[in-house]
Amino acid sequence: MWLQQRLKGLPGLLSSSWARRLLCLLGLLVLLLWFAGSGARRAAGGLQLLPWPHGEPGAAEPSACLEAATHAWRSLRERGEAVLLGPGVPSLVANGFLALDVVANRLWVTPGEREPAVAPDFVPFVQLRPLSALPEAGESVLLLREGLLRRVRCLQLGTSGPGPAAAGPGPASASGLLTGSGRDCVLLQEDFLAHRGRPHVYLQRIQLNNPTERVAALQTVGPTAGPAPRAFTSTLEKVGDHQFLLYSGRSPPVPTGLVHLVVVAAKKLVDRLQVAPRTQLDETVLWVVHVSGPLNPQVLKSKAAKELKVLQDLARKEMLELLEMPAAELLQDHQRLWAQLFSPGVEMKKITDAHTPSGLTVNLTLYYMLSCSPAPLLSPDLSHRERDQMESTLNYEDHCFSGHATMHAENLWPGRLSSVQQILQLWDLWRLTLQKRGCKGLVRAGAPGILQGMVLSFGGLQFTENHLQFQADPDVLHNSYALHGIRYKNDHINLAVLADAEGKPYLHVSVESRGQLVKIYACEAGCLDEPVELTSAPQGHTFSVMVTQPITPLLYISTDLTHLQDLRHTLHLKAILAHDEHMAQQDPGLPFLFWFSVASLITLFHLFLFKLIYNEYCGPGAKPFFRNKEDPSV
């Protein structure tokens, strides 16, 4: 009865304005508390996704297993050293001779420097499949500093149904990946790479971690575990304790009608991989690829046997050499060479416009171009004489890079690449651009020279006979970036364009000594001040940005002090301005569109005013200018 009376009085209570306000305030407070609580629950749930020490998965759902296995990628991505695969990021691993698309499972071979890449009808990698469709989670990443693609898959264990097999551990059955609970996961990690120091070699490393109490099994699908590809014949080679498959065939004709003979040696792999409970499997599959020069199909029959014999002997010899090496040593050798090759580069610090490529775009472009470039300097078969010749070619300054900077050339630094074929076309464009801009010597040196030319071109650096000059456009220094590892004599120079607290740009230069100490000097535009000796001090050296009239380079670097001192007398400048003074002169004030809009509004206003006056005195029913005394209507 009391409750009924209170409910009858509720409409009257709510009719009060202060009561409605209080009710709305309480409702808003409840909503805020609910959202805060759900956010805290989500945060707590996110922390619980990593239940395994050191990133090792245990019994959990595939998504939680994947989160733990890929947790270390986050810091690599923040440093620009790793890129997740996705739209606009082709899954390419290459070494200048071999190019492999991991996702599409395709192989390209470049027979010669000026020959187009050929695509043999050969499936390059082994595919690992569970024995039945099971829930799984996976992710792939390009590790730019290691030169490989890593794919991680977390596979949830299948159930084998009722019966003795489901009661305890046992071999995998055809009904699932494993026997046992459906909440157990195994971690599969695969590394794909084309070896940087051995141009004919690529490999796939398979690591399967089974932390459960059951046996895990995966079926292998690929040329090393099944029948030979359609265009190839295969033979099993046995030498001592080693055995491998030798495939022989030919590539499809290139547009000119010529064909190439192809021989592939591949390590033999079993049809099914099984891992005992609480153990790990580490298996490395090796391939060696050799191709012939272009052959006319009409003379192929007469030359095929002899050419194939030569290619088979080369592939057999290299495969036996690889099988004698520990697989871990082969992988570490590749990572060491790739890290050495990728030490120079471009670091984007702050971008203030839409036309400058992002750090991700720059790093991906450098990775793809390095992958497509041969590196003869890294070959173990190179003689000392040949190595010295290539080193001298790489250290020869030439006149690279002539012309304006390529920083804003969107066709050279594309924000999106759709396929491996597009990457190969981009590499041809980069090579042609560098050759036409005075970098022929660097291009001949292979991947280290290509990278040096790309770094020089990005910032507008150019070597001359006596110095290295930084000739960036003063109007585009609002972006902050750093160029690392520029070869000069026997040292490496790092040059950065930075901004102070007021937004004014300045230059920061540091030197990394490599071997014999050589004095290096630098002076800013005009060289009016005495050149400064660059040292390997950690803090480096800073230079203000000065702009000359007419425009000359912003910075000069040389080992010849007298040359820099003489420059001030040979430049013949009209004026030297600070960067902000130059920009003030370049700034035309308000944009043209603003003034055009103001002028249009003023014109329209006067036209409207003229129309009013015209309608008042000249339009229909307009009043006369003078009164007529005889007109009674006036």
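Keep in mind that glycine also has a Cβ here, set from the backbone N, Cα and C atoms.
On a predicted model such as this, the values are computed, not experimentally measured, just so you know.
Taken straight from Swiss-Prot:
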CARBOHYD  ASN363  N-linked glycosylation site
SIGNAL    1-40  signal peptide
TOPO_DOM  41-589  topological domain 'Extracellular'
TOPO_DOM  611-634  topological domain 'Cytoplasmic'
TRANSMEM  590-610  transmembrane segment
Close in space, distant in sequence - ASN363 (N-linked glycosylation site), Cβ under 8 Å, 6 or more apart: GLY80, GLU81, VAL83, LEU144, GLY345, VAL346
Collapsed DSSP category at ASN363 (N-linked glycosylation site): helix
Mean of pLDDT values spanning the topological domain 'Cytoplasmic' (611-634): 64
